[in-house]
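Q: Checked TrEMBL, it gives:
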ACT_SITE  Glu424  active site, proton acceptor
BINDING   Thr138, Gly177  FAD binding site
DOMAIN    17-132  domain 'Acyl-coenzyme A oxidase N-terminal'
DOMAIN    134-236  domain 'Acyl-CoA oxidase/dehydrogenase middle'
DOMAIN    278-439  domain 'Acyl-CoA oxidase C-alpha1'
DOMAIN    480-656  domain 'Acyl-CoA oxidase C-terminal'
Amino acid sequence: MEGADYLSDERKKAQFDVDAMKYVWAGSRHVFEVSDRISKLVASDPAFRKDDRTMLPRKELFKNTIRKATYAWKRIIELRLSEEEAAKLRFYVDEPAFTDLHWGMFIPAIKGQGTDEQQQKWLPLAYKMQIIGCYAQTELGHGSNVQGLETTATFDPKTDEFIVHSPTLTSSKWWPGGLGKVSTHAVVYARLITDGKDHGVHGFIVQLRNLEDHTPLPGITVGDIGTKFGNGAYNTMDNGVLRFDHVRIPRDQMLMRVSQVTREGKYKQSDVPRQLVYGTMVYVRQTIVADASCALSRAVCIATRYSAVRRQFGSQNGGPETQVIDYKTQQSRLFPLLASAYAFRFVGEWLKWLYTDVTQRLQANDFSTLPEVHACTAGLKSLTTSVTADGIEECRKLCGGHGYLCSSGLPELFAVYVPACTYEGDNIVLLLQVARFLMKTASQLGTGKQPVGTMAYMGRIEHLMQCRSDVQNAEDWLKPSVVLEAFEARAARMSVACARNLSKFTNPEEGFAELSADLVEAAVAHCQLIVVSKFIEKLQQDIPGKGVKKQLEVLCGIYYLFLLHKHQGDFIATSCITPKQASLVNDQLRSLYSQVRPNAIALVDAFNYTDHYLGSILGRYDGNVYPKLYEAAWKDPLNESDIPDGYHEYIRPLLKQKLLAARL
């Protein structure tokens with residue numbers, strides 16, 4: 001029945017003000033209003049339709065994406081949208097495209113690494129999209145190890161030019177989005193060579209294609225690297241391959257904010273501190289954490305709504321069967337992911353503050369917090385993207401067989417999200433960077449150097465190495481101070497244990513390699529502590545709206561108790577808690593799941609996602625799942641005729657026992 005709301009009974013159960021929660025999720029009333037208006041604008045425009053995306057052949061899919069991206073730009077100009085509104089519009093179009101790299105990497109690279117003159121020359125062209133840029137760093141042979149890049153940029157003092165060259169097959173640029181078919185320019189990372197001396201990797205602006213007919217310029221070989229994982233998904237993006245054959249560019253196309261090459265070919269550092277480039281990195285990682293909360297919340301929204309619609313088993317005397325969401329096995333898998341989505345939202349908000357703080361400090365030449373900020377953002381990028389990728393897949397399983405249909409929206413969401421575990425730093429490599437900083441911090445304890453920021457708890461190491469949890473009953477696990485101490489003690493003890501084991505090696509690097517699996521676990525414990533502490537901090541703020549704070553307290557409890565339960569081996573092995581206290585965690589968790597249950601649909605409604613953005617029949621706002629699944633099936637190209645292509649050549653000869661005469 002059209003127009004009916006099959007989830008209305010669920011919505012009536014809510015014990016909190018859903019509109020107030022929408023503001024909390026968005027970050028402010030202003031952000032909510034902008035998001036709400038722009039998401040509805042996109043959803044109501046048939047030009048942004050995406051329900052056929054998983055059925056399109058690659059060439060058609062790609063052409064459709066560049067049409068949408070260009071149409072989006074046209075609407076941005078026509079409606080005179082602000083920068084904030086334009087970014088939201090691209091977000092709600094929900095299709096990876098060349099514009100993501102243009103706005104998200106190319107422009108920030110020029111702003112972060114270009115001189116004032118370079119910015120004045122290139123940014124106006126980029127802002128008007130008179131040139132389209134990408135970020136060409138990763139190569140066929142090197143990704144995480146940026147220092148190992150092989151592309152060269154050799155200065156020729158005779159002509160005042162750099163010669164950009166790909167000396168080996170593995171030096172081919174490989175993966176940059178937007179590079180394959182669209183970008184006219186790229187920020188290319190190459191080894192700077194002057195007078196035979198290698199100065200390491202630097203950025204250069206290189207034109208790739210003719211601005212009149214789009215053909216590759218002389219010496220440039222460029223194309224797409226081929227189809228990627230999943231239907232639709234990231235195949236809308238032209239990830240590219242790029243090779244240079246002695247391509248000459250003017251000297252002033254080296255990004256020279258931090259270091260320069262003079263007309264005479266002298267390499268020199270500018271007055272601008274090198275550390276400034278960290279600002280851009282913190283910004284990018286902060287957006288990745290924010291994106292993690294968006295992607296996970298989408299998957300959770302779909303799985304929660306469908307779990308309330310789907311009924312299976314448990315019918316009494318011919319009555320309705322039990323809603324799947326009422327099974328404890330469903331709740332214990334789904335509700336921790338719901339709690340994680342909120343947790344990541346709030347740690348993302350805090351990272352926004354951290355970015356502003358770091359930017360102000362850098363401008364004042366205060367670099368004291370940089371190493372800690374670097375470690376913290378690396379760790380949070382790793383933790384949130386790994387949990388989100390696994391969480392989307394868990395949500396697909398929570399939707400049973402129908403979750404495997406493209407029309408559920410989950411296979412494509414997973415395929416489009418999962419590369420986040422690799423780009424902008426492989427997640428394990430990043431955790432090892434966090435571990436290095438933890439080991440450095442541990443080695444300085446007792447020297448009078450106080451740990452700062454998210455490492456500050458290590459300054460109380462003596463207490464944390466000795467404390468024992470005094471939890472007596474299940475409700476004690478709801479006290480923030482008790483929980484924080486347990487998480488701090490676990491993280492500190494795991495770090496100290498690694499540091500002690502490391503000290504047994506004569507060669508520290510050998511020790512680091514040998515103990516790397518343990519170090520990764522210590523880094524995860526540290527990062528989980530950050531997320532837990534930021535969720536608890538959020539709840540210390542004034543949060544208006546009837547019942548809103550109470551629901552967030554329940555979600556916060558689920559988040560940290562689920563982690564305590566999942567990692568109870570760590571907590572017990574480090575003697576932070578006893579096995580009896582660990583069993584009380586589980587008792588309290590079950591109680592919290594029951595408290596979330598009546599509010600589950602309202603808590604995902606607070607994300608305020610349109611049906612267009614969710615892109616899921618299972619996650620429809622009105623819960624009208626089965627008629628719509630049936631309707632969608634008939635739209636598949638395979639159902640355009642009753643008799644399939646190939647019937648006469650293959651199936652009929654098989655059925656009529658005439659295979660010998662068939663042309664197979």
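Including glycine, each Cβ sits where the backbone N, Cα and C put it.
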Q: Looking at 17-132, 134-236, 480-656, which one has the highest count of Cβ pairs under 8 angstroms to the domain 'Acyl-CoA oxidase C-alpha1' (278-439)?
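A: Answer is 480-656, with the largest number of Cβ pairs below 8 Å.
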Q: Quick check for the class: what is the C-alpha distance, in angstrom and rounded, between Thr138 (FAD binding site) and the residue listed as 'active site, proton acceptor'?
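A: About 10 Å separates the two Cα atoms.
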Q: Find the average pLDDT over the domain 'Acyl-coenzyme A oxidase N-terminal' (17-132) in the predicted model and report it.
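A: Averaging the confidence scores along the domain 'Acyl-coenzyme A oxidase N-terminal' (17-132) gives 97.
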Q: By DSSP, how many residues in the domain 'Acyl-coenzyme A oxidase N-terminal' (17-132) are helix, how many strand, and how many coil?
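A: DSSP classes over the domain 'Acyl-coenzyme A oxidase N-terminal' (17-132) add up to 90 helix, 0 strand, 26 coil.
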Q: Roughly how many angstrom lie between the C-alpha atoms of the residue listed as 'active site, proton acceptor' and Gly177 (FAD binding site)?
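A: The separation of the Cα atoms works out to 13 Å.
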Q: Among all protein chains shown, how many Cβ atoms are found within 10 Å of the Cβ of Thr138 (FAD binding site), not counting that one?
A: 19
Q: Tell me, how many other CB atoms lie within 10 A of the CB of the residue listed as 'active site, proton acceptor', whichever protein chain they belong to?
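A: Excluding its own Cβ, the number within 10 Å is 17.
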